[in-house]
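Q: These came from Swiss-Prot, pasted as-is:
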type	residues	note
BINDING	78-91, 285-297	NAD(+) binding site
BINDING	99, 109, 138, 227	substrate binding site
BINDING	227, 251, 255	Mg(2+) binding site
SITE	145	site 'Important for catalysis'
SITE	195	site 'Important for catalysis'
């Protein structure tokens, strides 16, 4: 009996619906050409949900996600909802509750410098020409963003604010296992990021990561202090395979990795739990300034579908096909405005059409 692949589709706000339309083109190719039993159902989330239902994450949307095997997420937020109380705004009202409800403890951000796009990188050509293929594995539900106590104190003599970095053993163990398991599917290198020369939580982090590493004899483990890591990523990003990071350090370094690729419109991401249920989304935001102009880059969303095939559905060959189609499209010189070095570029829908056609032709030849 063929397996069903149920996907909850949440286009959201801004450019979300536009790039999601291009994602549907890829899913239709997978259904028609590979006979995958992919079923999609669309739900409101973010600002559009606030306008319709008064909340960013309606019960119907949450139930739809529960009934699915994975979530394909567009983008949320925009100026229209910025004046709402912070807990009601699209990001805090939808994305954070989804992460919490499904226990999405790991965030995977993929950063690549694609062949032919080296000049887009802010790095010197002698560095960018060496390439970059970094998978940043960030712990997502612990650390200083969630530790207690936190707050502020006001007095006549001295005002202060404070946060607490707390990591439990099980939190470090599960994200370490995730990083090492992923490294086995790549180049078998893990670089763990900490500040173990100063922070107790980082000393604890390093101790546990070292212990977990003994279960993965094929994977080479190294450690870097976060300040040195930030420098090394700029000096020679090609040396890295998998970065294993705490919540705070991963938040910072994943954005640094994104910057060196030249465009955030190329960067997919995944947030996973221990059952391989995942939320897949482009790394960029809702870009309300270009909403409706048909100029957004859909590649990050399309590559997010590839990550879904790889990590939630374990369809590795399908994921490779999607990656190949995107690579081929870029090698042929097709560009959206954000990655074009001149005035020659194609729009959102054309980019989706071309990638879908190249994917279909590739499948036909197999």
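Just so you know, glycine gets a Cβ as well, placed from its N, Cα and C.
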Q: Same chain, not part of 227, 251, 255: whose C-beta falls within 8 angstroms of the C-beta centre of the Mg(2+) site? Give them in sequence order.
A: 226, 230, 248, 249, 250, 252, 253, 254, 256
Q: Count the other Cβ atoms sitting within 10 Å of the Cβ of residue 195 (site 'Important for catalysis'), across every protein chain shown.
A: 21
Q: If you count the other Cβ atoms within 10 Å of each Cβ, which of the binding-site residues 287, 295 comes out on top?
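A: Of 287, 295, the one with the most crowded Cβ is 287.
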Q: Quiz question: given the binding-site residues 78, 90, which has the greatest number of C-beta atoms lying within 10 angstroms of its own C-beta?
A: 90
Q: Measuring Cα to Cα, how many Å separate residue 145 (site 'Important for catalysis') from residue 90 (NAD(+) binding site)?
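A: Cα-Cα, rounded: 18 Å.
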Q: Looking at the binding-site residues listed here (109, 138, 227, 251, 255), whose Cα lies nearest to that of residue 86 (NAD(+) binding site)?
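A: Of all the candidates listed, 251 is nearest in space.
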Q: Please list residues from the chain of residue 99 (substrate binding site) whose Cβ is under 8 angstroms from its Cβ, counting only those at least six apart in sequence.
A: 140, 141, 271, 279
